[in-house]
Amino acid sequence: MDAISFVLGVNSRQLRSNQLKDLVHKAPGDTDTTNQRTAFVTLVYELSNHETPPSMARVAREPQAKREVNFSRLISEKGAGSYRIDEQDVGFEAYQSQLKEIGILVKARNFLVFQGDVESIASKSPAELTKLFEQISMSDELRNEYDRLLEQKNLAEENMIFGYKRKKGLVAEKRLVREQKEEAEAFRQTLEEANKLRIEHYLWQLFHVQDDIKQHEEAVKHYKESTSTYSAKDLSVAQMHHEKKKELSASLREVKRNSERIQDFQNEMEDIQPQMIKLREQTRYSQKRIVDAETTEKTMQSRVEGKSKEVDGLKRDLQELEKAKAELDASQNRRKSQGGEDTELVLEGSRLEEYHRIKEKAQVKTNLLRNELESILRQQTADKNKVQTLTQERQENLKMVGMLADDVKQADERINNMQRVIAETEQDITETEKNLQKTDEDNRSQTQKKDTLSEQLKRVNNKLRDLKDDRRQSQAEARKTETLETLKRLYPGVRGRLVDLCKPIQRKYNLAVTVATGRHMDAIVVTDYRTGQDCIKYLRDSRLGSAQFIPLDKIRVKPINERFRDLGSNIKMVIDVIECDAEIEPALQYAVGDTVVCDSIDLARDLCFRRNEKVKAVTLNGMVVSKNGNDANKRIEEVIEPELHRFESAVASRRSKIASLQEQINGVEDEMFADFSEAMGVESIRVYEENVLKRHQKAMDMRRKITEHEAKLRAQIEYLESQNFSDRMISAKEIATREAQHLKKLGEEETALLKRVAALRKERKGQEDLHTSLTSKVEDLEKELRAIGSNKAKYEEKKSKILRKIASEETVLERLKDHKADIFKRASLDQISIPIVARRAGDDAEDVEMEDVSDGRSILEGTEQLLADGATEHYADQEVDFSVLPDAHVVVDEKEFDEINKSYEGRISALLTELDRMQPNMRALDKFDVIQNRIGKEEEELERIKQQSFEAASKFEKIKLTRYERFMEAFNHISRVIDSTYKQLTKSSKHPLGGTAYLNLENTEEPYLNGMKYNAMPPMKRFREMEQLSGGEKTVAALALLFAIHNYRPSPFFVLDEVDAALDNVNVNKVSTYIANCDFQCVVISLKDAFYEKADALVGICKDITLQQSRSMTLDLTKFN
């Protein structure tokens, strides 16, 4: 198959390797990689007399040449592939095209069915069937061109629609612009009139503001001359006040530095206090570790001695077993060498044939009796197995009862140990609280010290809890705790062990909660599934053992059955007697479920047995009653014992029936073997056979028991030797030594801290004395500064009165300047040009004059810049040209001023209202001609787009029609042929019409865009989907489709690789008969003789061991009947 597929151009990925060089045969044991081998396969295609040869074949160029074509594919030493046709090198495309000319489609593989292709064809989806038909019909060659032209067609249609919309919009815009042009001309005239009136109004306002500014500037100048008189007197007093204030600041800084040094000493002493407490706790912990290590060392020493004695005893037992095994072998050998009455009978030649002939007759004659005996024996064996299973279950339940009693005893011991540890911890807490109270009395005035010690007490309590856990944990648990802390440090999503995250609300529930959580007690709770995976990877990579994880985001818990909360006052749900954070509650519910806790075992049994509640119950002392209402003792009494008695009775009652049937069979056999037994010189051939079998069975049983016992002893010895008590003893000794050294180091550290505290107290006393002297100096300086400040205040008060008047005038002046600036800004915002004269002499800026406002946007931008850079000063310095202002409007009376201002505002408002009502588009004047030109260009562009759209649609319809015709040609042909093909493959004498198969298209207009349904109905069966057919029915349906496809696109030959793998004998016969009657050449690979016996010739493949290569053998079956 590899060679055929290879030479016909099948891709190497579809063969047995991803690289061509891996297909080259390599002898076993050949490790030489320098001498690479080459390989090639040649297919010789014989042309018929009237067949047209491929265009590149030699016979096409030389008619007198032999009418055959050699197709070759080669693999070079470097693993590169190449192709040849009649010894002429060609490329893959040319090679493929030449195969296509003789009817071989490499891509569609119409010449070959791989092993497993039949099943894949039967399970193809509608889309995959369509893709297969496209390859067969070669319409897939047009797919890229079809997609490209479709995209061009759609794009051209979109462009045409867009062009129409654009032209329509321009026509509407032209009509609108014509109206806007007329409105703009009227607006321009009204705007000029309004601007002229607003300029006159702004000039009138600026004239009066400018006059007020001059008056207030003269008043400010007069007040400033008066302030110079007091400035000289105030200068000397201010200088003296400044020097004293500078000296006081220096003294205050020195006092502050002194206070900071005192506080630093105090802080350092307070920091040392927690270290002292920590050292004392570490000392107590190290002492405890030393005691525990010495105890462990003594325990391991005794276990080492006990293990040695036990191993020696087991080895002696093993030697005795080996001796018994040798004696058994010797006994059997002596029996064989000596012979005797039970020596095995040797039957040869005619005696053996006669024995078998009589045996067969006896079996036929006793067939009914034997069938009945076998049925009874099967039932007897099943009942014996059930008896054995029940007996084993009874033993396991009794063992479990004992284990539970041991667990209760261990739990009691554990509770006692925990109570002892709690008492010790409470004593430590009491001592720590006394130390804290003493420290508070010594430092009552410093609240910060109190907060620090409170925090220290919290850390001490946490440390005490850690010490309690250390007492309770074994070495293995200590390693687990260390690993858990590492995981918490590495992964923030690790919350901790479930047993540490929750606690019972009362101590009496401790044991019940422990039993209820079971194996989930030590499970580690994590926030998400990803964190759990990361932790498992870390444990595996670091070889730190295994752990169970409960991800809070993935676990699915059933809702709590609220009815279980109302079962009685002495029955509570386990989840209700445990306290934990709300975040951890899903993990707790996952661990305990609907388990309830009862005060006694009687109450639990009453709940599960009499009230028949399907719930798991746990008692306060740790007993469990399962959900199905059975505990260990109850199941033995009420289930196991009755069942065991029933099956034992059935086994005993069936024995007499078995014996009776066996006697009847034995009687028939004795009668038929009477002459044969007399001729052989034995009393009964049956008795002889039974004796031989019994002897062999007894020897085998004895040997099996010895072997099993020997294996158990060896396993026990291996287990005991694997117990490494010596290393644990050495480890405990090392811990004791290490902790002793650590204890010595802690003592040295405590001595050093005490010395440092004494030195700090001495230094703090010196700094406190210095602080007193510095404080006295500061008080004297403050008195002198107050006296100087009183004289300075008198001069400042007189000066401040004048300054307040100046400030008042400057405020009015500033307000007037702001008013002037506001007028300028309003004019800028209104796009009004104020006439400006040349700047005053002495200004650095150039003389400028404001330009007429023509662009509102530029004025607004200028206004924004002025506002950002100090607009008030800028506008205050501007000198306005009032020459255009009428003299009649220059007034000094306030009432007349208001009347003239209202007159200006009324006329301006009327003009602005008229302008707001008009709202013209000023750009419409120039826009009208532009739109007229654009409409002409758009009409030309639209005509060009129409032509492009028509051409794209024509090309697309042409390629669409070609693709449709190719696809439908294949579909119509295969659809016509497939039903008749399927009928031939499924018809029989019982069903002469056979089954029905047909193809349906999901899209009849463009079938290649959607799927295709293939349905087959075997004879006398209703319609079902292809997935619901059996394996054989799918295979027959797939073969019908393959033969129909081959009928449409026939190749010179058809290679089938084990297509009958899933067929039974009936279907194999139908398929082989169909192929034998077909008129095409077919090469079938099959392992079923019912298939290949109908072939014209057979080819067998075997391995030549000498040459290390394959050999073939052929057989022409047409020479045989």
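Quick reminder: no glycine exception, Cβ is built from N, Cα and C everywhere.
Because TrEMBL annotations are produced automatically, they should be read as predictions rather than curated entries.
Quantities reported herein were computed from a predicted structural model and do not represent experimental measurements.
Looking up the ranges 239-294, 295-350, 743-798 in TrEMBL, the one annotated as coiled coil turns out to be 743-798. Annotated range for coiled coil in TrEMBL, selecting from 139-197, 611-669, 906-964: 139-197. Residue counts for the domain 'SMC hinge' (492-608) under DSSP, helix first, then strand, then coil, are 57 helix, 22 strand, 38 coil. Note on the coiled coil (743-798): its mean pLDDT in the predicted model is 77.
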